[in-house]
Amino acid sequence: MKVLILPSKEAAILRAADIVAAQVRARSDCTLGLATGGTMLPLYAELAKRHQAGEFSMTGVTSFNLDEYVGLAADHPGSYHRYMAEALFDLTDMPIMRAHLPRGDAIDPKAEAMDYEARIAKAGGIDLQLLGIGQNGHIGFNEPTSSLGSRTRIKTLTDSTLEANRRYFDTDEEVPKYAITMGIATILEARACLLLALGESKAEAAAAMIEGPVSAMCPASALQMHAQTTVILDEAAASRLKLTDYYHHVHPGGRESDYS
Ligand code: GLP
């Protein structure tokens, strides 16, 4: 796992944007795995800004989002479809026909989950998967105790996730209780992963992911099994790590090392 610790939130976002932009420039027909959540918003804003400045085009890109809430139609204000349109797709030349998310309002959500997995395979898999992390160590909506061999399926959200999502909905009742999410094995099949975690509230989960045992209790720890994973942290999210000196030594200021 490549652990890059940046001095500030802003620097961490710029570093993550550099990696995504480099991927799109290197292969204009690449397939990106996209994530949602508050952490991704400034990253998407930075990418949209760079696109508008002419740094890269997304016309050749295919994307697959990690997850969507069961029961929400694409035009629901709390849906990840809406989030992606507002945060990235509408601000770039991303072709909407190749921007995939699970359909939250599918009549048969289980069949939709299986079909989504098949669509990723048919597209040739994901080149770069973006990830955030939940305070309980979840990636996508793979909550603690999710099978490390799991595929795209329906997950029941934990109380802590419902609580974290409450701010996006008007009433408690509206907060979705289920999501269709890529599984952990689905995520691990991406050719490269890039996880961004910012702030003190993510420090414990980041430490468990990077330095804890590989365990379904911290689904993000499964990334220890992935040979091409980069984790970008700001100082606050890195504050509970034990080997901080080593990470700074290998990647001073979050830069590449001499051999990577
Ligand atoms: C949701 C998403 C995750 C995301 C997490 C953290 O649960 N499904 O993909 O990583 O939120 O969100 P935030 O960045 O707002 O802390």
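Glycine residues also receive a Cβ, built from the backbone N, Cα and C atoms like all the rest.
Taken from TrEMBL, the feature domain 'Glucosamine/galactosamine-6-phosphate isomerase' covers 14-230. Residues or ranges marked as active site, proton acceptor in TrEMBL: ASP67, HIS138. Per TrEMBL, the feature active site, for ring-opening step maps to ASN136, GLU143. Residues annotated as site 'Part of the allosteric site' in TrEMBL: SER146, ARG153, LYS155, THR156.
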When distances run from the Cα of THR156 (site 'Part of the allosteric site') to each of the active-site residues ASP67, ASN136, HIS138, GLU143, the nearest one: GLU143
Alpha-carbon distance [ASN136 (active site, for ring-opening step); GLU143 (active site, for ring-opening step)] in Å: 8
Cα proximity to ASN136 (active site, for ring-opening step), best match among recorded positions ASP67, ARG153, LYS155: LYS155
Three-state secondary structure, LYS155 (site 'Part of the allosteric site') (per DSSP): strand
Cβ neighbour count (within 10 Å, all chains shown) around GLU143 (active site, for ring-opening step): 21
Within the predicted model, mean pLDDT of the domain 'Glucosamine/galactosamine-6-phosphate isomerase' (14-230): 97
Cα-Cα distance linking ASP67 (active site, proton acceptor) and LYS155 (site 'Part of the allosteric site'), given in Å to the nearest integer: 10
Tertiary neighbours of HIS138 (active site, proton acceptor) (same chain, Cβ under 8 Å, six or more apart): PRO144, SER146, THR158, THR161, PRO219, ALA220
Distance-selected recorded positions near ligand 1 (C-beta under 6 Å), from ASP67, ASN136, GLU143, SER146, ARG153, THR156: ASP67
